[in-house]
Every structure is written in C-alpha cells, then in structure tokens.
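*Asks:* From TrEMBL, here are the annotated features:
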type	residues	note
DOMAIN	45-469	domain 'Major facilitator superfamily (MFS) profile'
TRANSMEM	100-117	transmembrane segment
TRANSMEM	129-159	transmembrane segment
TRANSMEM	165-183	transmembrane segment
TRANSMEM	190-210	transmembrane segment
TRANSMEM	300-321	transmembrane segment
TRANSMEM	327-349	transmembrane segment
TRANSMEM	356-379	transmembrane segment
TRANSMEM	444-464	transmembrane segment
C-alpha cells in the first residue's frame, strides 16, 4: 500500500508556502526522486527559519538541516486497497521489517502444522485431525479481525496457517487411502491441485470486491463452515483402521460403501482378524523414518526433492506474480498458469513411471532456469517464457510429489512421512524471498541456484523406488520391497479381488 507522511502539525503554524513545500526531504528511490515517506526536517528549526524570512534552497542549504521521524503519522493511498495490515498497524518506516516478518509467520505456522498434524493423524486418525485443523483454520482466520495489536495478529496468523496445512495434509492422505486405482490418481493430482488453483484464482476476486483486510479475512473464514455437514459424509480411512487393529470398523465402512454402490461385498474382506491384529500391534513414529538404511535413504532423498520443489515454486511464484501492474490480475494470471501443469501431472501419474516423470520435470526446470541468463537484455519476453516454463515444471513436480510420497510410505507412517516432508519443504519456502534478494549482486543468482538444486535432485531421484501401478505398502517392512509387495491381510487368491476395495 502506498503511503506518505503528513505535515498536519506544520499547517497550524505560520509557515511560508516555500517552507511548507520543502519541509519533507527529497529521496532517490529506484533511480527516481520522491518525497520522503519516513522523515521531515525538524519542525522547530523550520519554524525559526521561516520566521526569519529565510527561503529554503536559497538562504538555507537543506542538506545541513536535521531530520526527524514523521511524528504526525501517515496518509495511505486507497486507490487499490481500503485498508491492509500495513495501514492498520502502521508497519512502515522503522517498523517496515514487520511486513516480511508477518509473512514469515505464515511459513512458521505451516512448518509446525506439517510436523505435528502428520503425527497426530497417524496416532488419532485422519478424519478427526482433518476436521480439528479445519476448525482451527476457520476460527483463527475469523478472530484476526479483532486483533488489537500487531503481536496478537502474528499469533493468530500462526495458528490459522497451522490449521490450514494440517487439514490439507490430512485430507490428502485420507483421500489417497480411501480411493484406489485411477480414481486415487485423479484425486491426488487433478482433484486436490485444481481445487488449490480454483481457490488461488478466487482469492483476487474476493480481494477485488472486499477491499479492506477485515472483510477479506471474514470472506476467507466463512467457507470453512461448509465443512460442518461433511463430518457425516466423510468416513475414516479403512487402511488406518486396519493399522490400528480396528478390523470391524474398517469392514463396516467397506460394506456400507458396497451397499451404496450396489455391489455385493465378499464374505471375507480382510482375512483372519487375528493376523490383522498381530500386524497392527506394531506402532510407528517419526523415529522409524530414520531407523533402517533403506527407509532413511528414501526419506533424505525425499527431503531434498521437497526443498527443491518448494524453493523453486515459491520463488518463481513471487516473480511471475508481477506480470501486470494490477495486483488482482497478476495474482489471477499466476494461478491460471498452474492449471496446465496440474493436468500434465495427472497425465504423468496415469501413464508414466514416477522416476521418469521427475527426471523430465527436473531436466526442464533446471535447463530453463539456466538458459535465462543467455537471453539478450532486449528480449524480455524470452526471459518471461523461460521463467514460466520453469514454474510450469516445478508446479507439476509439486503436484506429483504429494502422491509419490504417499505411495512410498507405509500406512502407519504415511501421514507422518508426508507431514515431515512438507515441514522440511517450508525451509525452502522461507528461504525463497531471501534467495531472490541476492539478485542485487548478480541478476541471475536465484535462477542459477534453483537450476542447480533441480539437477542435484535429478541425480538423487534415481535412488528412489518405483511405485507406478503398485499397491500402497501396509507395513514398514514392505517399503523397500515394492516390486514384490503383497498385502499381508489377503490370501493369495484374494489379492486381486480385495485390492479394489482399498
């Protein structure tokens, strides 16, 4: 939001027109001369000089005068926004550092939300964590309207972002475990990602009609109420119930689903309940992600891939959001370009192996980012095209990485593993703004760093297992043996039949 300092106090005194025009210093910003937004010449000195009949710039050298902060406040432009966090809490001048810090609070909330909600979901179930975190997001998004101070606002933003990523991860894993085959692929790629894009595109529309930040916060909180009736529509994950030894509940869910779809369920769905209970006794936690060599190596490689994708996606999203002078149109265009990326990821999930998909994505992303520095200075369109190609690839990569991570981890670790990977990725998200600031030293440093990360991740991707058209692993012992995976809850004759139920 544009702002300028005020001189209301000076107008109460008998200042000459010359001094009233000169009381705010001139500063050079981005090669242009502008009136200072954060300081003015000391009013008592100016009053004295004006009373003596001295003229600024003629009788008095303005550079010799002492300056003081704008003690009378600021005027904020309302051409685009009626009010924002900045204008509400005066996050300008000496408090301008609070602007990026407020944005960082969002990533901090996401960081902890990813880490904690994943473990809670593996411990207490997908459904309760999904709705609990949705309630947290909705309530704290609404309560921010009543923030009495900037510090309280940051606390509320932290909890709102904590809930947002919590319900996203829990909902994603729940969908992956309830659905199967092509439907699961459709949900984990196009379904959840296009939903994200639609919300992304609706955001500037909301902001265009709700020009003050409190109305916008209210508009973002109200849709959370739509989840209330869904409590009776969404079931718990049968896979998670099986991992907890709750065979009867899992079987009841599948039989109910079969009844609604007019399908006759087999007499035996999960085999011997005693065997299921024996398997369910083994509980997993975050330590199991690093306990064995195979699982540890897969986890570390996934960490690198998540950081690469998150750093590139957030960094390029910030850059490509400057496509148009209108912030509303820029935000909308930045969201629209993701649609073809998500559709491409869906097609890749359907017809291409996982490792080959990531190899292609990382080659395109890394090459386009490296080639940007070779574009002649006069061809800005070429630079934009290559950067958009890089964002296209990284957006598709993020879309693929969620289902790929879910396919790698066993049921007892799936939410914890996905949540931890998402947590680690926030390190890259948080570093992206600082990475972009390095362009003051060399214009293409951000692109070179992102391109290098892409090629390093390309090499490590080759050490991950292939999960294309393979059933989800139920236990941690099955994770390194994806090629010979057999579900322990079925007999040899029931494997093909019962796979369709999960």
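Quick reminder: no glycine exception, Cβ is built from N, Cα and C everywhere.
Unlike curated records, TrEMBL annotations are generated automatically.
Tell me about the setting of these features in this model.
*Replies:* Confidence for the domain 'Major facilitator superfamily (MFS) profile' (45-469), expressed as mean pLDDT, is 83.
Sequence-distant neighbours of the transmembrane segment (100-117) (same chain, 6+ residues past either end, Cβ-Cβ under 8 Å): 85, 91, 129, 133, 150, 153-154, 157-167, 169-170, 415, 419-420, 422-423, 425-427, 429-430, 433.
Tertiary proximity for the transmembrane segment (165-183) is limited to same-chain residues at least six positions away from its ends with a CB under 8 Å from its CB atoms, namely 109-110, 113-114, 116-118, 121, 126-127, 129-134, 136-137, 191-192, 234-235, 237-240, 350, 402-403, 406, 411, 414-415, 418-419, 422, 472, 499-502.
If you look at the transmembrane segment (190-210), the same-chain residues 6 or more away from its ends with a CB under 8 A from one of its CBs are 171-172, 175, 216, 218-220, 327-329, 331-332, 334-336, 338-339, 342-343, 345-346, 399, 402.
Outside the transmembrane segment (300-321) by six or more residues, the chain places 330-331, 333-334, 337, 358, 362, 365, 369, 384, 387-388, 390-391, 394-395, 397-398, 401, 405, 408, 417, 421-422, 424-429, 431-433, 435-436, 446, 450, 453-454, 456-457, 460-461, 463-464 with a CB less than 8 A from a CB of the stretch.
Sequence-distant neighbours of the transmembrane segment (327-349) (same chain, 6+ residues past either end, Cβ-Cβ under 8 Å): 80, 185-186, 188-190, 193-194, 197, 200-201, 203-205, 207-208, 317, 320-321, 357, 388, 391-393, 395-397, 399-400, 403.
Distant neighbours of the transmembrane segment (444-464): 297-298, 301-302, 304-305, 307-308, 311-312, 315-316, 354-355, 358-359, 362-363, 365-370, 372-373, 387, 390, 394, 408, 435-436, 438; these residues of the same chain sit at least 6 beyond its ends, with a Cβ under 8 Å from one of its Cβ atoms.
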